[in-house]
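First the structure, in the form of C-alpha cells, and then the observations on it.
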Amino acid sequence: MKKPLKSAQVTQGVEKAPMRSLFYAMGYTKEELDQPLVGIVSAKSDIVPGHFHLDKLVEAIKMGVAMRGGTPIVVPSIGVCDGIAMGHKGMHYSLASRELIADSVETMAQAHCFDALVLVPSCDKIVPGMVMGALRVNVPTVVCTGGPMLAGHVKGQEVSLSKIFEAVGARKANLINDKDLEEYEQGVCPGCGSCAGMYTANSVSCLCEAMGIALPGNGTIPAVSNKRLLLAKHAGMAVMDMLEKDIKIKDIINERSIKNALTCDMALGCSSNSVLHLLAIAQEAGYNLELSTFNEFSDRTPNLCHLAPAGPTHMQDLNMAGGLQAVLHELSKKDLIDLDCMTVTGKTVGENTKYAINKDENIIHPIDDPYSPNGGIAILYGNICPKGAVVKRSACAPEMMHHVGPARVFDSEDDSIKAIYEGKIKAGDVVVIRYEGPKGGPGMREMLNPTSALAGMGLDKSVALITDGRFSGASRGASVGHIAPEAASGGPIGLIEEGDMIELNIPEHQLNVQVSDEVLAERKKTQKILPPKINEGWLKRYAKLVQGADIGAILE
C-alpha cells in the first residue's frame, strides 16, 4: 500500500474544504491538489548577483516537477550578499541570517505540508541555512544552486571578486592609480552567479554535491550555461523520483556522506566558513561532528585544487576539468571516498563517478601529485584558542606557515582596518582582532577588508591576522579565525596585550601567545569583557542564544 502524502493534511477529505478553497483562490485545480505538493524555496532577489537569475532556474524546476506529476509551489527566502554587506554594520547580520533562513524553510514546509522540497539558493549562508531547515522537516529534498559566476578579465588576467578588495589596499598604498582601480571595479564581476573563486558559496555548493543532496555538476556548472537550466529541470524530476522511492534528506545527509564532504573540503581547498556550516549541518542531521575531526581528514587528504584565492584559476576551469565528480574519482583511487553513499540521482556516489574523467591535471592535480599531502584547512589549538581555531592553509604563503611576531591588538574590525590603511601595521606584526565572534560581534563578521588590505599592500607574506571573527572565502594569507572561546565569552584572546609575542605554527597545529600561564591568570582577574556592538533588534536575541564557533555558531 502506498504511503499517504503529507499534503493530504491540507488537500484531502471533507474537513479540508476550507484549505482547498484557499488553493482555488490562487487558481490551483482539483487535479493539482490531488498530486504531491512540492515546495520550491527560492532566494531570488535583485540585490545578490548569485540570486539575480534564480527565477529562470525556478521555472525550469517547476517544469521538471510537473513532468513527473507533481504540483510545484514557489515560496521565498531571504538572502544577504556578503560582498555588499562587507565592512559595515550589515555584516553583523550575515552569518546570523543562516538561522533565520533555516527557521523559515522549516516554517513554510511544515505549515503547508509540502511533500518534498527543492532548495534554490546560491550564496554563502543561504545554502547551508536552507539545508539545515530541510533536515528538520526530513522530506525528499534536492538542492539546486544558481551556479558560479564566470571570471572577469582585467589586464590580460582572469580575475574575481577578491581582486577588487585587494585592489583597494593597493590603491591605499599608492601601488595602483584610480584608473586601475576602476578597471578592476568594472571587470571582476562580469555577470550573475556566485563569485567565481572557491569562496564560501561555491564551496558549500560543491559540498552539497559531495554529500549527494545535489545533482552531479551542481557545484561547478556556470550560472550562465544552458546546462544549469537543464540541471534545474532534472532537479525537479529527481525530487519526484525520490518521493516515489521515499528517499528523504536524512537518508542522504548522514555521518557517512558528511565525511565525504569533509574529504572534498580538504581536497578542494574550500572556504574556512565551510567548517562552521558542516558543523551546523551535521548537528541538524543528528551527527555529532567535532572540530578536531577536521584535522583527521586534513591529515589524510591531499589538496588537489588551488582555485582563487589560493591560485589563479576559477570555478569555470574546475568545471571544464570534470568538476567535482572528477575530484571524487581522484579521491576514490586512494579509497578516501565512501562510494556506497546514496545520492539524489537514485544512484550511489560510486555509480555517479564511474565514468568521471580528470580532463585537466593542471586544475585537478592527480592524487599521486597533489599540491600538498594535507588538506586545505587546519584546526589549531593553543593557549589563545583552547577550543580551537581555523586556518585555510592552502591560501597561506609558505613563509607564513610558522611565524612569530608582536601582537597589534584591536577590539573591532573597524579599528584594525583604520590602522592598516594608515600604514601602522608593519612586516612581522600579528594583527589581533577580537570581540568579533558569534556573541561579541554579534554575528561573527568576516574580516575580508583587513586581509585584502594587507594582501593589496604586499603584507600577506609577512603579517599574520588572528581573530574570533571569521573570513570570507576570498581571504588569503596567514588568516586564523573562529578562535574559541571568543573574547565575549571570556576567551584568552581577550587577555592578549599590545606587543605580546605570538607564535603561529600551522604544521604543528599550534597558536600561542608567549606569556606564562601565571601572567595570563593575573590578567584574567582584571579582564573587562566588552558588550556586543549591537544590542537591539533580533541580533540582541541572537547574541544571547548563539553558541561558540567550535560547534558551528548554532543557536541553543
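Every residue gets a Cβ built from N, Cα and C, even glycine.
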From Glu446, Glu486, Glu497, Glu498, the one annotated by TrEMBL with Asp82, Asp124, Lys125 for Mg(2+):
Glu446
Hey, of the binding-site residues listed (Asp82, Asp124, Glu446), which one tops the CB count within 10 A?
Asp124
I need the CA-to-CA distance for Asp124 (Mg(2+) binding site) versus Ser472 (active site, proton acceptor), whole Å please.
9
Lys125 (Mg(2+) binding site) to Ser472 (active site, proton acceptor), Cα to Cα, whole Å, comes out at 11
For the domain 'Dihydroxy-acid/6-phosphogluconate dehydratase N-terminal' (35-352), would you mind checking the mean pLDDT of the predicted model?
98
State the count of C-beta atoms found within 10 angstroms of the C-beta of Lys125 (Mg(2+) binding site), not counting that atom itself.
28
For Mg(2+), what surrounds Asp82, Asp124, Lys125, Glu446 with a Cβ no more than 8 Å from their Cβ centroid?
Val80, Ala85, Ser94, Leu95, Cys123, Thr200, Ala201, Asn273, Ser472
Report, as a single number, how many Cβ atoms besides its own are within 10 Å of the Cβ of Ser472 (active site, proton acceptor).
30
